[in-house]
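Beneath this line is the structure, given in structure tokens, with notes to follow.
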Amino acid sequence: MAEITVTIDTDQQKQAISDSFAKLDPQYLVKNPVLFVVELGTIIGLVMTIAPGLFGATGSRVYYAVITVLLGFTVIFANYAEAYAELEGEAQADSLRALQTEAEGKLLQNDDVDIEDISEDDYEVVASTEIEQDAVVFVDEGDIIPRDGTVVEGSASVDESAITGESEPVIRQSGGDRTSVVGGTEVLSDRIKVEVTSEEGESFLDQMIGLVEDAQRQKTPNEIAMTILLSGLTLVFVVAVATMFFFGEYLASFVGGFAGLDVAELVALLVALMPTTIGALLAAIRVAGMTRVTRRNVIAKSGRAVEAAGDLDALILDKTGTITTGERVAQDFHPLGDADDADVVRASYQSSLYDETTEGRSIVKLAEKMNGKVQTDGGQSASEELDEPGDSVDAPRDVSVTLDAEGLSESNFVPFSAETRMSGIDLSDGTEIRKGAVDAVEEYATTVPGKLRQKSNAISESGGTPLAIAVDGQVVGIIELQDELKPGIADRIAEIQKMGVETIMATGDNQRTARWVADQVGIDEFHAEFDPEEKIELVEDIQDDGKLVGMTGDGTNDAPALAKADVGLAMNAGTNAAKEAGNMVDLDSNPSKIIEVVGIGKQLLMTRGSLTTFSVANDVAKYFVLLPAILAAAIPGLGAMDILNLSTPASAVTATLMYNAFIIPLLIPLALRGVDYKAQSGAQLLRKNLIVYGGGGLIAPFIFIKAIDMLFVALGVFQ
């Protein structure tokens, strides 16, 4: 499935601005104590602008008006960050809604009629909105499935590309784990009877849309904890600044010419000291993290799941579909007995030229790579249209052999059968070539080299699959097949290990195959001959050690483990039980996607931590700017702290508030995009965080505040 696209147009930009003002409602802002206090400060500034002498102030109306406007902009910019992020979330929900298709359904009048005997007299064509839950509909070739349901009779090839993005159709049939169908998908062949399982407005897509919208609104546990921390800091600063007011009154009683501290300037100091930057961006960071997950076509049921992905200690991976493609491809040819390389390559090529299986196509591809391209009767390379699996095959060596494809079209291709466990070709000259499982070919052949078993066992021990090849009853060699590793999977596993996540492979394959795959990609730990039911025990064992664990699954038997795991990524192509149990659903049904999800979770936590560090460092810098400016008149010794040598106290206050307000919109793109994240250890990330965002947070205010003060001097403002 193509990535869910999100586009914010001009109208939505205007909507975000409008929402920024709507969020000024105190009943809404009280949920964010930091911004609520800033809004109260704005109100105090407005009162002092209207009545400057109310608190015994000595500043001008213009000065107080400037302070009030800057405080107001601080709140508005913070609201805009949240509103813009929320619009991105809404745009994602709209993208999912665009996948919904209005369709008509053939509502059966009699559910008992045999599917092969259904005619137009047996059903009524009605709108999908009129079909009730538990009703049975008939879906013929070329029809759109009107509603989500379960196949109760028949089997059909279904195009689910609108939902999954997979162009390859899937088989849906009654019985087993492949009975679930989704409304809006198309039946390409055959016919099925479907029992509707959802009410109107409760389809799979409706649920996904609801999950996206709900997840955007819900605060995550870490965000709640951060809000509590910021609230505590805000309370401390409110008490400290309020105490300073009375301290100023005390100083005024014996310091000549000092009339006390200006309330508006104290409000400015309070706002500058509070963690307004991270308080303003917290919601935007959360929503943006959810947005990045959804853009990967993963639906997270809550922000908790995304955060948990960033905190994972262990990741359980399936072999097939996650680490390997699930396809076996030819890796080498091994001659036996009196045969040589050329004999084995030629026989393997001829027996596989019309074999449409992945293994057959990869054998042709490997033979051609070892000997150069071969021209068929039609003048086209026999492997020209091979699929991706064959493309990854590398020739182990060069073999001089004539691969004559001419005349093979007149030969008789023998397809694979479960009974013989072999396939092959009968050439027009009477030659019989067979390839297949070693024991099957061994039983078929009349001449078997003594090293057949030894060589086949060696291939099996290396994680491969041996196919024996025989010509006229004589075994001439072995074709070595290997599970095809997903491109770049070793690098991705190494990357996730750098994040401090332990990788564990659980597979039903034998020990030899499991060990070979684990060694190839660098898995930390593997479990072979593993039943899906055992996964929940593995999850519980890891959690008993105090670790967070993630896994993927698609079957009903995966559901308990998916529900138990801290991060359970269910495949959209899987069963309803799996999708309900997991806290994430991958619309692309790509198990290796969980590695990306872990990276997104890490980036979310990294972004929040980095901007928190930057915000706190900002506050420290602003403290050294404002405190000497406000108290220098009463305590001249504080002038030594004025390291920027700002022109006037009014200029210092105004420049600081300008920086405090405008740094928020400047950081919105970073909050939405996320900080650049590379897989590193926790110690390396902490060091980088402190240097880049801690150091940057200390230096940036000094640079910008001094620049603004110099601009004021040049313009003659506050002089």
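Glycine too: its Cβ is placed from the backbone N, Cα and C atoms.
The annotation transmembrane segment is assigned in Swiss-Prot to 35-55, 62-82, 228-248, 254-274, 624-644, 652-672, 698-718. Annotation comment: Swiss-Prot describes D318 as active site, 4-aspartylphosphate intermediate. What Swiss-Prot lists as ATP binding site is D355, E359, F416, S417, A418, E419, T420, R421, M422, S423, K435, and the listing cites sequence analysis. The region 'Disordered' feature in Swiss-Prot is assigned to 372-396. The compositional bias 'Polar residues' annotation in Swiss-Prot covers 373-383. Positions annotated as Mg(2+) binding site by Swiss-Prot: D554, D558.
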Query raised in the report: Taking a Cβ cut-off under 8 Å, which residues six or more beyond the ends of the transmembrane segment (698-718) line up next to it in the same chain?
Result: 63, 617-618, 620-622, 625, 643-644, 646-648, 650-652, 654-656, 658-659, 663
Query raised in the report: Do the transmembrane segment (652-672) and the transmembrane segment (62-82) share at least 3 Cβ pairs closer than 8 Å, excluding pairs fewer than 6 residues apart in sequence?
Result: yes
Query raised in the report: Hey, what's the widest CA-to-CA gap across D355, E359, F416, S417, A418, E419, T420, R421, M422, S423, K435, the ATP contacts in the record, in Å?
Result: 19
Query raised in the report: Excluding the flanking five residues on each side, which residues at least 6 beyond the ends of the transmembrane segment (228-248) place their CB within less than 8 Å of a CB in that stretch?
Result: 33-34, 37, 260-261, 263, 266-267, 269-270, 273-275, 278-279, 282, 634
Requested in this report: Taking Cα atoms as reference points, rank the binding-site residues D355, A418, D558 by distance from the residue listed as 'active site, 4-aspartylphosphate intermediate' and give the first.
Outcome: D558
Requested in this report: Report, in whole Å, the straight Cα-to-Cα distance of D554 (Mg(2+) binding site) from A418 (ATP binding site).
Outcome: 27
**Report entry** Neighbouring C-beta atoms (10 Å sphere around the C-beta of T420 (ATP binding site))
**Finding:** 17
Report summary line: Counting every protein chain shown, other Cβ atoms within 10 Å of the Cβ of K435 (ATP binding site) number 28
**Report entry** Secondary structure at the residue listed as 'active site, 4-aspartylphosphate intermediate', reduced by DSSP to three states
**Finding:** strand
**Report entry** The one of A418, M422 whose CB sees the fewest other CB atoms within 10 Å, among these binding-site residues
**Finding:** A418
Query - D558 (Mg(2+) binding site) and D355 (ATP binding site), distance between Cα atoms, whole Å - result: 34
